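Copied over from TrEMBL, here are the features:
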DOMAIN    B:142-205  domain 'CBS'
DOMAIN    B:206-264  domain 'CBS'
TRANSMEM  B:288-308  transmembrane segment
TRANSMEM  B:314-341  transmembrane segment
TRANSMEM  B:362-383  transmembrane segment
TRANSMEM  B:389-411  transmembrane segment
TRANSMEM  B:423-450  transmembrane segment
Number of protein chains: 2
Amino acid sequence: MAQHSEKAKAKLHSLNAALESGALTQVKRILNSGLAPVDVAHLIESSPPKARKLLWELVDKDLEGEVIQHLSEELQSHFLSDMSAEEVADLTADMDTDDVADMLQQLPERVTQEILESMDDQDRARLEAIMGYPEDSAGGLMNTDTITVRPDITLDVVLRYLRRHKTLPPMTDNLAVVNRQNEFIGILPVSKLLVSDPQQTVREVMTTDSRVIQATQHESEVAKVFERHDLVSAPVIDASGKLVGRITIDDVVDVIRDEGDHSLLSMAGLDDEEDTFAPALKSSRRRLVWLFINLLTAFTAATVIGLFKDTIEQIVALAVLMPIVASMGGIAGSQVLTLVIRGQALGHISNANINWLLRREVLIAGINGTLLALVISLITFLWFGDPYISLVIALAIVINITFAMLAGAVLPILMKAKGIDPALAGSVALTTISDVVGFMSFLGLATLIVL
Amino acid sequence: MAQHSEKAKAKLHSLNAALESGALTQVKRILNSGLAPVDVAHLIESSPPKARKLLWELVDKDLEGEVIQHLSEELQSHFLSDMSAEEVADLTADMDTDDVADMLQQLPERVTQEILESMDDQDRARLEAIMGYPEDSAGGLMNTDTITVRPDITLDVVLRYLRRHKTLPPMTDNLAVVNRQNEFIGILPVSKLLVSDPQQTVREVMTTDSRVIQATQHESEVAKVFERHDLVSAPVIDASGKLVGRITIDDVVDVIRDEGDHSLLSMAGLDDEEDTFAPALKSSRRRLVWLFINLLTAFTAATVIGLFKDTIEQIVALAVLMPIVASMGGIAGSQVLTLVIRGQALGHISNANINWLLRREVLIAGINGTLLALVISLITFLWFGDPYISLVIALAIVINITFAMLAGAVLPILMKAKGIDPALAGSVALTTISDVVGFMSFLGLATLIVL
């Protein structure tokens, strides 16, 4: 019921109090009987490293499997690395096959083999089917728990067959119809099963034009198919047309969430797995890479300024104003960059409309660049009283904003064509361009016009 | 089948060719018989303004409803504004109630009233129920097509009742169990209906501890409940416990997609509804606001530099190096800012862990700041051969990186507490801080130490 979340909040509160006072027996009791596994996982994610380890150790053995599947990949492999192969095999016994596969794929090959060997034959066979596909493919995302029926039986037989199950796999909104060779023929939506005459055969009722996923399709393609056709689950087939599993919307939601995360984090040079509560040293190392890459950009900009040392020495106002030119270009460019990266993710940008898009951005750059140039040169004139410097900054602003906006549009398109991630590399490339063009045009024009 | 998307691509290709050559009859034929409505919508979204209008006009009247529900809100209201109230009422006849409500809410109040009046009583009553709730609440997200059953009937009766329907509402994975007062009692999962003995009553089989959504809950809360409990649909109740509708995962997926979009776009000062193919003038105006806000930041930074004009006049190397200090602080700070904004969205950041988080960021700032300071001061020494300037830049880098990283962590927490959107306001506030502290510490220390 709705009060659940209120209760969970109150429980979380008393748990935090118990944790702080060191009342571990009480913590253990709340963790294992008071909270849903997903809330326990959330609590662990929201805690600093030491508390995380402590909390995980207090979780009952038989709840570990349910809790761990809600943790981030990073934390999963962290906790799993402390366990024996048998313990991991026990823990995964009740989990969805695709979640187990994801978890095992993060462990060293040797450990994975050991865990697979300690499983029973059926579980191992299922897992190996999934692990044969890349983690980010439909095959890596699928489950193997599909209920299949033959086309020539009646719905009445299907209903009786279903009643032999204790439960149905989660999110079973359709059954897969296959022939004797396990080749996929169509789907029998549960909703049709419920409204149709039980004497009809599966063949008469089934749908053959539904969306089928190829096991090798990329997960982001799968997400698009689910989103565009409002699917709850879809069958997955291999290259020979045989049914190998099904994908459910809950796993697709994770893909969608991760995609949104990816652009946001990449644009700040952060890893997808970057964790708000990772140990400081680990985070420090990851972030340093990005800082050093940006240091190159900064020194490139400094070198450009260095070329005009003599000019600055004579007109120190240039040093005061030059960051304005560079930063306005950077902001205008990053707006375009973000928009194009998002357009690419939505599949809106194609060869058919690039030219129109570029013409539009040049037009916007012209309008906004001119307006900003007027305002900035007016303020500059009021501040320094020098019409030449005002003219120079106006020209430099127009030049830099136009360059930066074009770069913001062109860079992600070029990068994507070359297989470079625009969300990661785009912003640093754009900053370099807007700094170099900004300082070069402003100081260069000043040298020509004012001196 | 899977070949569908290949076919669609080929169709799109020939459609683009036909559009370019002006063969409108051919375009019309492909639009209305060759492509799925969702693909037509996608094509319209990916086209420049003129082509958009043309394509929309070529869509058959009886397909318009299916096409328009896949368009962005901005485009919807653009096309709707050209139509009469009767046309809109016709168009919405076959659409999901929640989608119609979203669409109408973008139109002027007067137009909405006119459209409501031209609908039949039942449709109007359903729409008004949804439109009574804010658009971003569970009530605004819900549909009113729930199938309800009474607790005291047998499953066999339920099965016969369902068979009287031609179809079930999309994504019906459970039926709502209500009493005579329409008060919500529990849900009857379709999967349980299928596996249980038909002679059992609904009461014996139903689930009463399922997740129920309050109509007033915010849509992002709803998304979290769906994600954490892997739901396909959930009943919605009002304050008195009466069932008012249900929410389905397809609408939740849209919320999740929009949330990811929101952070990404806001951080570049872009509107959520910003459109890659909007007319230039419209985009120009929207983006100018952000550029002018950032102009204040740029002039603030310039003012700080202006305070040290005399120092720069004597040591021009300072002008060359000062952007390095400001930009490294900006980059280091925006990494923390992004991480904390994402942590807030995931619900990981609470009063219980803020202190730990701040301590961690200070530690990372200490490590990374020191390393960067060493590298930068070494390069500076090799470039300018002045140990004092090298010392000054090292100190300024440590100071600015520490300040910027703390600001990156504290700003979103303060802003959220004050009801300000950190994704929108955070980056400009951070840039101001890293510029001011960067220029101030570098030029100030230089004035003290080098002169």
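Here the Cβ of each residue, glycine as well, is placed from N, Cα and C on the backbone.
Bear in mind that TrEMBL entries carry predicted annotations, made automatically and left uncurated.
Model, not experiment: these values are computed from the prediction.
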Cβ pairs under 8 Å between the transmembrane segment (B:288-308) and the transmembrane segment (B:362-383), at least three: no
Secondary structure tally of the domain 'CBS' (B:142-205) (DSSP, helix then strand then coil): 19 helix, 17 strand, 28 coil
Residue counts (helix, strand, coil, in that order) that DSSP gives for the domain 'CBS' (B:206-264): 27 helix, 16 strand, 16 coil
Stretch-averaged pLDDT - the domain 'CBS' (B:206-264): 92
